[in-house]
Amino acid sequence: MHANATSATSGEAARADTGRPTAIQIVTLVLCFLVVAADGFDVASVSYVAPLLRKMWSLTPAALGPIFGAGLFGLAVGSFVFGPLADKIGRKRVIALSLLLFGAGSLACAAAPSAGWLIVLRFLTGAGLGGAMPNAITLSSEFAPPRNRALLVTLMFCGFTLGLAFGGAVASVLIPSFGWQGVFAFGGLFPLVLAPCIWLWLPESLRFMAGKPRYAREAQRVAQRLGEAAHALLQGTHTEAGDTPRERVIGLLFSAQYRAGTALLWLAFFCTLWVYYQISSWLPLVITSAGIDPVHAARVGAMMPLGGTIGSLVNARLMDRRNPFLVLAASYAIAAVAIAAIGVSIHLPSLIYCSVFVAGYGLSGAQTAANVLVAGFYTTAARATGVSWALGVGRIGSIFGSMTGGVILAWFGRVEPAFIAFAVPVVLAGAAMVIAGRLYPRRSLDERAPAATPATSSGH
């Protein structure tokens, strides 16, 4: 049933894979960078408008929770819906559609007449984001040169961090003149402008189009623009004539080849975003409650994304050369120790900076690396679904984390044991990656080798 999607030999592919991206690959990575930057902007901007919403509508802190939670819930739903759709109609089309939904939802938020309406509109905005970011990761992975794939996809995902920083800067400029509505309006206009750019200039995945007659002409145009790089991208790709039925795409995630990896990756995604949202939601309050002034508290908080950016780049270089599961396991080990150290260093200014930085290095670095890993783990027919559903499970973890942080702090009554408890899920994620590293020992998870099959399966 499966046929090799290209006649290129292994030697041709090796010569074509110089590791240097072509012009079309650079365009793809830049456009996907802008897509995830829009996601980062939305995450940051809603936190900056929350105090204004609270004052305008006389909301209690508890009443703000559903406004934050609606976006996260929408992200989870969008991930589960748009992933299989992208494996059926293509990554490019789903990204453009998701940006339109995301942009329209955010623009409508600017006109929300009440908190109830804002909750509904934040859900729609989140649903659009849930389709955009996973498919940007998928498409970047399918276009990046295999030799430096992890590094280039990680650099693309740094757009999310830039969006976070840009969100604060834009909010500080727009709020004095246009209020909270201006922030939502800008957050809606950007993806609406980006959507036609995606439609005009973003190429569809060559791996997705291979073997599908209705995409033959488009695939030929993309292959011509790629030149020799097309051999490297298609080497080892297994495709089917025509579209893969939705039920079979989902079934691939739980087939004998993938079910163990799917379960272990989902556990890691759930635990990572669970703890990340616990810390990001409650660390500022914990720091200020310890007597640290708000200025220094903000500086401490900034150490988390800074460490995460550096950790992401280091992990990416290692993943291009080592077993990626074990690279993640090491990152989780670093994160667990650092998170536990936050609790005991909360009253030591110099040490708290270091602890939060290293926690970001390990935890945020691991999450970015996991995004790259999952994109290379599944076969082309199920890749968008695999990435989207893993992120969807992670979003459920983020909702759980934002809800349980305060409960854990109240349960222990002291910061030190609470942060040790925060570190426990990170240990579970690391253990899952150690097990996955033993089941899937190949250093590279692209499709040059047979589809990722546990070492205990037949044929290995």
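A Cβ is built for glycine as well, from the same backbone N, Cα and C atoms used for every other residue.
Those TrEMBL annotations? Automatic predictions, nothing curated.
TrEMBL annotations:
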DOMAIN    28-444  domain 'Major facilitator superfamily (MFS) profile'
TRANSMEM  26-50  transmembrane segment
TRANSMEM  62-82  transmembrane segment
TRANSMEM  94-113  transmembrane segment
TRANSMEM  119-139  transmembrane segment
TRANSMEM  151-175  transmembrane segment
TRANSMEM  181-202  transmembrane segment
TRANSMEM  258-277  transmembrane segment
TRANSMEM  297-318  transmembrane segment
TRANSMEM  325-344  transmembrane segment
TRANSMEM  350-377  transmembrane segment
TRANSMEM  389-412  transmembrane segment
TRANSMEM  418-440  transmembrane segment
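Between the transmembrane segment (119-139) and the transmembrane segment (418-440) there are fewer than 3 Cβ pairs closer than 8 Å, counting only residues 6 or more apart in sequence, so the two stretches are not in contact. Across the candidate stretches 26-50, 151-175, 297-318, 325-344, 350-377, the maximum count of CB pairs under 8 A to the transmembrane segment (389-412) is reached by 350-377. Stretch with the largest number of CB pairs closer than 8 A to the transmembrane segment (418-440), among 151-175, 181-202, 258-277, 297-318, 350-377: 258-277.
Against the transmembrane segment (325-344), stretch 350-377 has more CB pairs under 8 A than any other of 151-175, 181-202, 258-277, 297-318, 350-377.
In this chain, the transmembrane segment (350-377) lies close to the transmembrane segment (151-175): three or more C-beta pairs between them fall below 8 angstroms, excluding pairs fewer than 6 positions apart. Tallying C-beta pairs under 8 angstroms between the transmembrane segment (181-202) and each of 151-175, 258-277, 297-318 places 151-175 first.
A mean pLDDT of 88 is what the model gives for the domain 'Major facilitator superfamily (MFS) profile' (28-444).
For the transmembrane segment (297-318), the residues of the chain that approach it from at least six positions outside its boundaries are 150-151, 153-155, 157-158, 161, 164-165, 279-280, 283-284, 287-288, 327-328, 331, 352-353, 356-369, 372, judged by C-beta separation under 8 angstroms.
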